[in-house]
């Protein structure tokens, strides 16, 4: 019972494997061994095919197929000529088909010896000599009691030398019997010409017989799936194999005599099943052993063939849709099926030619002929033989498909260490050369940068190279090796410190170690940058001189007015022209400060955490506007030294500059940024306020100049408001950065927080409440002189506090730059925090600018419409400039920098143009004289032109 369960499980697994195998092989015919491009089928309705041919049985011997047809005609087919006749489809040549004679009764089985063809029919045994149609002999054993009850097995005839065997069984008991005839026996052919050999009782109803002609063994299968091994020389049994997984008859089999392997079919799952199991046995003269089993699709496996060289099996089976030819390798793999041009009846025999790779399948009324592919890679490329799926290459080839030609004629590349043979050519190693890799050389021939010392085959490199093969550059000497600026600046990582007269490692911002005030990098003189700095300083200087120069007469006039007020008790009322001049002067002054504000925005944009050229920040070696947004000297001497690792191969001609990077460029630690900014802010306050304070102190002791005291007081407050407004962005950025510095040191966080609250938040709030006064107060001369710079350019009744919104815009931009300052590396493209920070900064700044522009459009706060349109233009340009920062995220963008520079140049030109327009609008006697002079010149030129025309 247990063995039956095991057998059933094995059968079930085999069925599933067969279904899976064919589910994939039917659609992939290229995997099948049969070549589908050349299948030819010859049928009885084709020209030349024997009209009476009908092959229910047949035998193959010496490349010929012998068969007796249903009309008892005997035919012989020369298989070797099938290729020639497959070309034109004509099989009618007598060299191919030979009809010899007729037999009295339709045969059931046949066998062929060297001299005769034997057939066995119901009740008779027949033989005929090859080529002699008159030699038919028959014997009738129906009346012979000994043989009358025999049932002959279909296609159960075989031959071994001169012995012929027909497989039969007794009708009553099913016992297996072999009818034996010796072809060389003399005498009359009759009942005495053959004898009966009873087989083992375990074999019932024999169904197939397969012969190994080399060892003289016959493998007899029965209807129960058992196999008897029979020695045809000794006429004796050797062994019996019983397989519990096969419970139905054994059909055809085929043997590989060289390897002593038997491949035999067995019906799996019952007679009506379409699954056939193929068992693989290894046998000897004394034993038989099961090695492996696999399943194929189909039933009634009547014939099989084998390619004994390549290792392919062919089976003819039947399915519900008709007959098919199945090909596999000897393990059951690489399976495929072919049904095209296949007859719908059971096959009689299969002939396989391993040399020509052709296969012939014989059916009762047709012959299938085709070629099959080799299962060896590339059919061994024509340079070897396929041996059971493995190439046995010729002596001068190697590889799985014998595709690689050995270098036997090249002395095999003079050894495995000298080179490698590839397809008949030697590819030498780096230390050998020549057709056979027989010539020694230096490794890689020193890469062309040295000579070979043949004493020990080592490279002697030139002065610029080093290494075993001279493939490495000699590292440059340290920067300190260079003693003049020209040679120093020729190195990409060296800079020249003019003060010390030393060459040091660094970048555009200064040396990596220490500090240098006069630092040159890349070139000694940056002409374009210095020219830009000179233009900026010239413009700022001119505007400052104009502002100061026009202030002195106004202050003198106001001092007289204060003196008059002290005498009469009433401040003198200004004339219409004086009021107009003062109003337009205020508008002109505001446009000058707008010009300065635009420069500050460029500085602020330069602190966004993306790559900008260093010259965009450092005007010259002497000026840097990262301090307060104006060109000031880079820094004071630092209190400590800061250093970074050096890299001979780095080139920092382009450098990231956030506030953190700027702090690094100062040559100090995180504690130094805020004090440095405050130093310049304090210095700026001192430069302007100290002289005024001294003047105030002196005037206080002079009774005759007491009316000047009010003027100086007003000017002190006015200058203080201007400086607080100007320094707002720079100081607030530094304070914001100080609060988030990685040091988390109270010495920098607390001062930063105090400045942030008092200056960053407190100043706009103080201005809001300061300007919350009646309109009459706004026109008061004293109040106006002190705080007029905050509101005189706005509409006094409705928008005089609009300046607070300007401070809110500056507050947002400064804080987002300061708190998001970080120390990124110059790696592209930017990722992670390096990518997020500039995006956030740009988005927030753009939102602040857009919000400010919306307020401008809604309120239209300016009296001067030129100023309003200037603000519109500058806001649009600044939004674009800030957004262009993002063009540097993936890589430094020259186009982004160029566009930013061009539109900022346009913005500065617009500021200057608005300044000139405001000046021309002043209704003063001086301006009138200038206009009158210009008009006279124009009239004179026009008159001269008219005279010239008349003369012509």
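Cβ coordinates are placed from backbone N, Cα and C, and glycine is handled just like the others.
Note that the coordinates shown come from a computational prediction; the quantities given were computed from them, not determined experimentally.
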According to Swiss-Prot, of the residues 231, 566, the one annotated as N-linked glycosylation site is 231
I'd like to know whether residue 836 shares a side of the membrane with residue 920 - going by the topological domains in Swiss-Prot.
no
According to Swiss-Prot, which listed range is transmembrane segment: 802-822, 928-948?
802-822
Going by C-alpha positions, which of the recorded positions (182, 243, 446) is nearest residue 456 (N-linked glycosylation site)?
446
Residue 182 (N-linked glycosylation site) falls, by three-state DSSP, under strand
Taking residues 6+ outside the transmembrane segment (802-822), which of them lie with a CB under 8 Å of any CB in it?
604, 607-609, 658-660, 728-729, 732-737, 739-740, 760-761, 763-764, 767-768, 771, 790-791, 794, 833-834, 837, 840-841, 844-845, 847-849, 851-852, 855, 859, 861
Quickly jot the same-chain residues contacting the transmembrane segment (838-858) by Cβ under 8 Å, restricted to those at least six beyond its ends, or write none.
608-610, 802, 805-806, 808-809, 812-813, 816-817, 820, 830, 868, 871-872, 875-876, 878-879, 882-883, 885-886, 889
Measuring Cα to Cα, tell me the gap between residue 459 (disulfide bond) and residue 182 (N-linked glycosylation site) in whole angstrom.
86
In sequence order, which residues at least six apart in the same chain have a CB under 8 Å from the CB of residue 461 (disulfide bond)?
446, 449, 450, 467, 470
Near residue 231 (N-linked glycosylation site), which residues of its chain come within a Cβ-Cβ distance under 8 Å, counting only those 6 or more away in sequence?
216, 217, 237, 238, 285
Taking every protein chain in this structure into account, which of the glycosylation sites 78, 182, 243, 456 has the most other Cβ atoms within 10 Å of its Cβ?
243
